[in-house]
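**Q** One structure, as structure tokens, below. Some questions next.
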């Protein structure tokens, strides 16, 4: 059932993200606008504009009043919720940004591009720190390991890549799936990775590269997966 409805956008909403305390929720729309609501008060507290076209992904900073967004305009933006504006624009992707995530320590942003690149951005320096070009198709999702210097990336080339963020080398690549890998998430304890494609959910390990389980789902179009209260949703 619907327990709360938040209004404000005038064009379709493309992505939604809850703040880490779950007091705020942010949604990005096809117009390029970000809107942030206070859930307890059920009111719109901020509208952020600056992207030239639709927003595809957003993430809250783990330790601050900041939000990052990725757009079909190929740019990433870092926003200060309190100051009501854009702090920095990161340019480097040649096609739309499909996914972005803050690192657990809040120092970096990883972004996934439709052109097939994974990029790592240094927030303090305000510049590109490293990039990976090993995928053979669009990158749909990126995810930092919760405890280690490790990044996973999911691609239309039907694989998940695991990257060492100390050496910036590729550690391992999963066996090709039956279709594009749409979404990934690490278990909170960091021992396994869940990956979702059009017809199945896989449970993966990376050192050594091992498929732990493969569940046929038949869920059709998959956008995202997450773990909430120990349940995979």
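For all residues, glycine too, the Cβ spot is worked out from N, Cα and C.
I grabbed these lines from TrEMBL:
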- 6-47: repeat 'WD' (REPEAT)
- 48-89: repeat 'WD' (REPEAT)
- 90-131: repeat 'WD' (REPEAT)
- 132-173: repeat 'WD' (REPEAT)
**Q** With DSSP as the yardstick, break the repeat 'WD' (132-173) down into helix, strand and coil residue counts.
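**A** Final tally across the stretch: 0 helix, 23 strand, 19 coil.
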**Q** Mind checking which residues of the chain, 6+ beyond the ends of the repeat 'WD' (90-131), have their Cβ under 8 Å from one of its Cβ atoms?
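**A** For the repeat 'WD' (90-131), the list is 56-64, 68-78, 137-144, 146-147, 151, 153-155, 157, 161, 163, 165, 168.
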**Q** If I take every residue in the repeat 'WD' (48-89) and average their pLDDT values, what number comes out?
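**A** Computed over the repeat 'WD' (48-89), the mean pLDDT is 94 on the 0 to 100 scale.
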**Q** Can you tell me how the residues of the repeat 'WD' (48-89) break down into helix, strand and coil by DSSP?
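**A** The counts are 0 helix, 24 strand, 18 coil.
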**Q** For a three-state summary based on DSSP, what are the helix, strand and coil counts in the repeat 'WD' (6-47)?
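**A** For the repeat 'WD' (6-47), the helix, strand and coil counts are 0 helix, 22 strand, 20 coil.
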